[in-house]
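Participant: This is the structure I have questions about; it appears just below.
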Amino acid sequence: MPMIIVLSAGVIGVLVEAFMPRRYRHVTQVALALVAFVAAFVQILRLAGETELIAVSGSVAIDGPALFLQGAIVVLAFVSVLFFAERKIEAGGNAFAPSASSLPGSEEERILVRDRVLQTEVYPLTMFSVGGMMLFPAANDLLVMFIALEVLSLPLYLLCGMARRRRLLSQEAALKYFLLGAFASAFFLFGAAFVYGYAGSVRLSEIDAALTARVGQEGLLLAGVGLMAVGLLFKIGAVPFHAWTPDVYQGAPTQVTGFMAACTKLAAFGALLRLFYVALGGLRTDWQPMMWAVAIATMVVGIVVALTQTDVKRMLAYSSIAHAGFILTAFVAVDELALSSILFYLATYGIMTLGAFAVVTLVRDAGGEATHLSKWAGLGKRSPILAATFGLFLLAMAGIPLTSGFVGKLTVFNAAFQGGAMPLVIVGVLTSAVAAFFYVRVIVLMFFSEPAAEGPTVAVPSPWTTVGIAVGAAATIVLGILPGPLLDLAENAAVFIR
Amino acid sequence: MTFPWLTTLIAVPALGAVLTALVPQGRSRLAKQVALAFAILTLGFAVAVIAQFDLGGDRFQLTEQNEWISALGIYWALGVDGIGVALVGLTAVATPIVALAMWPEAEESKRDPKVYFALLLAVEALTITAFVAKDLLLFYIVFEAMLIPLYFMIGMYGGPQRRYAALKFLLYNLFGGLVMLAAVIGVYAESADAGQASFLLADLMALDIPVETQRWLFLGFMLAFAIKAPLWPFHTWLPDAAAEATPSNAAFLSGVADKVGTFGMIALAVPLFPQAAEDFAPVIVALAVISIIYGALLAIGQTDMKRLIGYTSISHFGFIVLGIFALTDRGMTGSTFYMINHGLSTIALFVIVGFMISRRQSRLIADYGGIQKPAPKLAGAFLIAGLSGLALPPLATFLSEFLVIVGTFEEYRAAAVVATLGIVLAALYILWLYQRTMTGPVGEENADTRDLGLRETIVVAPLLALILAVGVFPRTVVDVIDEGVGPTLSDVGVEAPDPLVSVTDQAAEGDEE
């Protein structure tokens, strides 16, 4: 199974860390990660052709949505590792601190930087995290879902704290993410316990059966559903559980932010969909109002707060919150159309987010990445191609036609509309209009402003990053003009096995 | 398989845009030439399309239909009716003229001109697609996508306040467009309910949408079109965009690209939601009349020539919308004809004002005076373009304005009477503008104003020739337009009061009065 490939690659990665001489480690780890992702992807393709199955004594479901999301996660993780492997822009180092345990600003750190020590633990950590992300949308019972949640989260907490520059900020982000994430996990587990108490099983299909069979004790069930929703909505960054997003996105190394923003959201939405559609579909009239409220709050708060941001990474963080809101509009419809539109949206969203964050890594000044928006002024004059690429990603996020973002928006709003959530669509289009303002503001800044006197330089990346960004930009355009194949794929995949 | 004329007509400028953008840096002259060549080539194809348009033939001709995104029922479906063919002609004629007029506007010293010309061709391709699209989503996509190149054209090459104007232009239109998106999805959901989910216009028009739903969807569409057209009170972006964009860009924007808004009203809003269109017609007629008077009054008060022309456009768009929502045969024919004539006269006015600005580097009326002595040809061209703008017979605008008012009079007497005031005010703002800039004592700074050069003559001559030709022989154009208007109105359920042919006859009588 693809998950086993990725997780065992992670284990091998740990062994490599332990026994391989330091100078070969980086190459080996990168190669190992890339090979593992390719192998996993091939395996996913093979599975996709076969019949669906529920494996591991019923606790893992390999069905359309799971495979679609796993495939998307593996592809995005592959590109993320290309970005992680970038060594040219930091003069021999990569984006991570040479040793995460060295004190920021200490003599030890200085020596490590001088010796160009490369930290390679990120790769096994990434592999474990990806393994968890692949398991998350496939988890067919609440305990496996919780385990997957932890497997994907714990390595991410570490990855967030490993930035090479601005390490204190990065460590603060990691701690914040860890504390809040631990809370959210605890909520999820607590909720799972309640639901177990109600249904007598943690298996999703049996919870579903229990919903139709039993009456009474609704309080226990609803409390459980609410608590589990908190845990999952935290991971997708929905309002009011979004407060960690901007700080963590800003503090984490930008490559990790991109990885996290793209892949975690896919995995968490997969789990959210499976939990609410498979296990709690019978209870939809009870949780739909809650999701309506969350969707509206997420769109409105995400967009309005994004308007005031002056830091590129924070702005993208709020924009990712808003995108979670757009996806939630379709979520409340609870049908196959909604499922396929969400799958499509997630795939396109992952690509453009990853691409946008990768561009951010390239705009640098003496202190590392120049993330303050004022420094981006006039970038279009100095490096038109880079600015145009970033502009493309922004336009895609704003949902301008002929980009993948437009097709994504069209499909989710369509699903929401046909699911009877017309007010959500209206809020969605209105907030989209407001969102266009801050996306376009960055474009104005890049293309129409005079360059700042001491503006940042644009680093010339290695082919790794260039290829990654180019692929992302190409996919954004191609999926905007010819989304047919991916839409068909999402449509065919949009049936949960029970 | 027959030759895909319409796809080719779209592909040629699109290809031209790409090739222009690929011209190496520093060869700006070559880039401009490539762009102009493709614009002329497009005109050639447009002439071929128009020549094949068969009067009295099918409503939609040269149709093409291929599946584009089958999962959502989206088609690459094209076809022209009489209205579309006339507007395609306008677009194809306007582009090379504008390209030639903007020759000096993007100099290498300022910004790379090739981008500017590539964007112009891109807008042309998108505009033509909008006029021939037979699929609602295809129309929507180009309707929205068009904003991006126009935004960059205004924002990168315009005047001192260009960033503000470009942003305002984009946000207004994007807002309208996104509201329309909700309505587009609404129509699609209706078609999904009816069994076959499709964006094909033919399928959508066959739907029987409940009146209540129709009203909401109609409002969603109309908001977008009223912003684009622009109709009072959604117009405030236009004067800014007109003033800050370069003159030729402003010419193309209000002369051609904005026609997509009024075209959308005729081709989409009215036939898709006939019941709602009738219900809301009085309101929209009222707004249109306000636009006419308001635009004209503000035009009189302007001190900036480009802003002035921007406000005259608002007034004229008021006439166009008035004619459409009178929902009479004459009104709608007049409106479509007006779109063509307004396109020609506005382009002429903006372009000539652009020539004046390039000589004096000022947009202010007060800086000019007595230009007709040193530059008689310039003044003459300006006068003809202006007279066309104020609808003097036998210039083309007159007939269309007359048809609109007659058409409106049949349904809304008061509106028609008030709208007539707009004609009087038009005479005032145009002639006063002429008087202040062209006549009077020659100021010292204006004494050595150059007259029209060769390039400028080539730009202006065909415009003026067309304005005169269409005015003297309106019949050809009006007949073509009638081909499209008749079926559109019968979609709405309005009976044409008279045989179609007599419209031109009556109008010709009007000419003689």
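First residue shown is number 1, and so on along the chain.
Placement of Cβ uses the backbone N, Cα and C atoms for every residue, glycine included.
Predicted automatically and left uncurated, TrEMBL annotations should be read as such.
This is the feature table in TrEMBL:
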TRANSMEM  B:6-23  transmembrane segment
TRANSMEM  B:35-53  transmembrane segment
TRANSMEM  B:115-132  transmembrane segment
DOMAIN    B:133-424  domain 'NADH:quinone oxidoreductase/Mrp antiporter transmembrane'
TRANSMEM  B:138-157  transmembrane segment
TRANSMEM  B:169-189  transmembrane segment
TRANSMEM  B:216-238  transmembrane segment
TRANSMEM  B:250-274  transmembrane segment
TRANSMEM  B:280-301  transmembrane segment
TRANSMEM  B:308-327  transmembrane segment
TRANSMEM  B:339-357  transmembrane segment
TRANSMEM  B:378-400  transmembrane segment
TRANSMEM  B:412-434  transmembrane segment
Participant: Look over the recorded stretches B:6-23, B:216-238, B:378-400 and say which has the most C-beta pairs under 8 A to the transmembrane segment (B:339-357).
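Facilitator: Of the candidates B:6-23, B:216-238, B:378-400, B:378-400 scores highest.
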Participant: Okay, the transmembrane segment (B:6-23) and the transmembrane segment (B:138-157): do they have at least three CB pairs under 8 Å, pairs separated by 6 or more?
Facilitator: no
Participant: Of the stretches B:6-23, B:216-238, B:280-301, B:308-327, B:378-400, which racks up the most C-beta pairs under 8 Å with the transmembrane segment (B:115-132)?
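Facilitator: Most Cβ pairs under 8 Å with the transmembrane segment (B:115-132) come from B:6-23.
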Participant: Grab the same-chain neighbours of the transmembrane segment (B:216-238) for me: Cβ-Cβ under 8 Å, and only residues 6 or more beyond its ends, written as numbers and ranges.
Facilitator: 143, 165, 168-169, 172-173, 175-177, 179-180, 182-184, 186-187, 209, 254, 258, 260-262, 264-265, 268-269, 272-273, 276-277, 280, 284, 287-288, 290-291, 294-295, 310, 313-314, 317-318, 320-321
Participant: Taking 3+ C-beta pairs under 8 angstroms (sequence gap of 6 or more) as contact, is the transmembrane segment (B:280-301) in contact with the transmembrane segment (B:412-434)?
Facilitator: yes
